[in-house]
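Down below is the structure, laid out as structure tokens.
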Amino acid sequence: MFCEFWRRVKYSIKLDVKNDASTPKSILTYPNASVGVWWIDPALRPLNFRVGILFLAAVANGYSSSLITGLMIIQSWRVLFGITIDHYNPKLISFTIAALVFGGVPFFIAASYISDRLGRRFCLCIGIWIMLVGSIAQCIAKGIEAFIVCRVMIGIGLAFNQISAPTLVIETAHPRHREEMIVLYNVFWYFGAALAAIASLVALKTHAADDWGWRIPCIVQVVIPFIQLITFPLVLESPRYLVAAGRRIAAEAMLYKYHSVIRRKDSQAIDPLVEEEIRRMSQAITQERNLLAAKKAANPSYSVWREFLSGNRNRHRTFICIIVGIMIQLTGNGVISFYLFPMLNSVGVSSHLVAAAINVGLQFYNLFWGSMGAHFSLKYGRRALWLTSAIGMFLSMIGLGASAATYLGEFHDTGRKSVVHGGIQIALIFIFYGFYSIGFTPLQVGYVEEVLPYHLRAKGVALNWFVVFLVGGGTQIANAYGLVKLTWRLYFIYTSLLALWNAVIYFTFPETKGFSCLEDIPKLLFQDPEYTVNQGIATDGGLQANDIPTAGPSNTREPT
């Protein structure tokens, strides 16, 4: 069975693409009017600012997902949920944490259809409004039931946000910055988590005993979707969506304005890189659409979802979408991120302020290593980062399990909590999360986006997030009981899973580093015979004569 699986893998991908005479020229070899440093370039500066606005969706996700970690340290919130320092209700807490899952899971697929049919921006706008309403309602919630319902609503908004925002990042960024932008996107999850940790620490110091202690972090959460809303008019629509919607002129105008400095209306001047971008995306989208139409003509019941299981290459893409979603949640990170306070309490850290300070430090530490991982992925490649992250977590989890077992054994024997073993446990938490942040965090979204062609991208991302939320909800519930029933043995369950993830990454994850143009990946990496996006590329990297359009209505540029 394994041999058959590996045979399919070998025929479906190249784990690495070597540059040789048969490899088409990179799109970055084409002349481009925007060649300076991006922050002084009149086209790239506003483009990257607009792309940066999309990172707020990741910030919102990080804040919403980490909020409960901070609230568990605040006494007034624990009183609301009937939690004491030595006891917490695993059923109630796990249900509260999983409320985001209950909201998000049913809407990921719907969001992918809206993103494809009505546009990435429209889908993002829906998510922003739902999150804003849910966050405001959460601030004034009275009682546990209302609080959980508001969390469900926020989860719905997150579903629309996470389908549209990263897709807009990868589809609107300049080819020179695409690889870096998409891996940086999910790193901003930690920025949101850090804000949640700081808000919880401030609330703990100022309003520990009253309701404002837990309402203040909830009020801060409202700020993120509010900023998203007021900056939404600056968000650009995906040029690939515009081409797919039959609005090629609008796509050209957008690319000429933000990927080049040539913007004169009816100008005879052209930018070779922008023209090649337009040609490649138009050709790829047309080929994908014709291929799907032919399959529907042969079988009227054929749908784009069946495309995920059509052929070895698409099955491999589907495997990556699903397995990445599973791996992200089944590494043991959920034990630390959502149950940090009871975990710290189990190793002797009973001070609320100390626990809150550790939480703040951990989030900024993660933000640093996530940023380093985004940089290293450009230098060393995606596969190297995946493997470094997985191997490091495997070794760290062994240490966490051994340390916890030793600590609890000593506690049962002597009745004393060892400060030394508690310190070792905290250090290992930081080491584990450093390895998680350097690879798994930046690559979870970017890697999945990269391996998918346009017609599968929104739905593939929806499938990935569906699995992330579904598996995450299950593990959050399981971890709540596992910490009580299994104690240190829970760490070794995750150790065995991490060993499996190392093998999966090594044998099945292709290298996507070096593909500045999204349309190159199906042809060069997955070797899809139906995609010939590089036809017509001259061997010297320039446009051929028949690729240079003449001036006219089809080449109208957006006026300055």
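Going from the start of the chain as shown, residues are counted 1 onward.
Every residue, even glycine, has its Cβ placed from backbone N, Cα and C.
Feature annotations, reproduced from TrEMBL:
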type     : residues : note
DOMAIN   : 50-513   : domain 'Major facilitator superfamily (MFS) profile'
TRANSMEM : 53-73    : transmembrane segment
TRANSMEM : 93-115   : transmembrane segment
TRANSMEM : 122-140  : transmembrane segment
TRANSMEM : 146-170  : transmembrane segment
TRANSMEM : 182-202  : transmembrane segment
TRANSMEM : 214-236  : transmembrane segment
TRANSMEM : 319-341  : transmembrane segment
TRANSMEM : 353-372  : transmembrane segment
TRANSMEM : 384-407  : transmembrane segment
TRANSMEM : 419-440  : transmembrane segment
TRANSMEM : 461-484  : transmembrane segment
TRANSMEM : 490-509  : transmembrane segment
Revision key, fill the gap. If one takes Cβ-Cβ under 8 Å and requires six or more residues beyond its ends, the residues near the transmembrane segment (214-236) are 47, 49-51, 53-54, 56-57, 59-60, 63-64, 67, 70-71, 74, 76-77, 80, 121, 124-125, 128-129, 131-132, 135-136, 138-139, 141, 157, 168, 172, 192, 195-196, 199-200, 202-203, 206-207, 254, 258
Review point. Does the transmembrane segment (461-484) reach the transmembrane segment (146-170), going by 3 or more CB pairs under 8 Å (6 or more apart in sequence)?
Key: yes
**Study point:** Beyond the flanks of the transmembrane segment (93-115) by 6 or more, those residues with Cβ under 8 Å of it
**Key:** 64-65, 68, 72, 81, 83, 122-123, 126-127, 144, 147-149, 151-160, 162-164, 167, 338, 458-459, 461-463, 465-466, 469-470, 472-473, 476-477, 479-481
Review point. How about the transmembrane segment (490-509) and the transmembrane segment (53-73): do they have 3 or more C-beta pairs under 8 A, pairs 6 or more apart in sequence?
Key: no
Practice item. Would you mind giving the whole-number mean pLDDT across the domain 'Major facilitator superfamily (MFS) profile' (50-513)? Key: 86
Check your understanding: Against which stretches of its own chain does the transmembrane segment (419-440) lie, if we need a Cβ under 8 Å and a gap of at least six residues from its ends?
Key -> 187, 190, 327-328, 331-333, 336, 343-344, 347-349, 358, 362, 365-367, 369-370, 372-373, 376-377, 385-393, 396-397, 399-400, 403-404, 406-407, 410
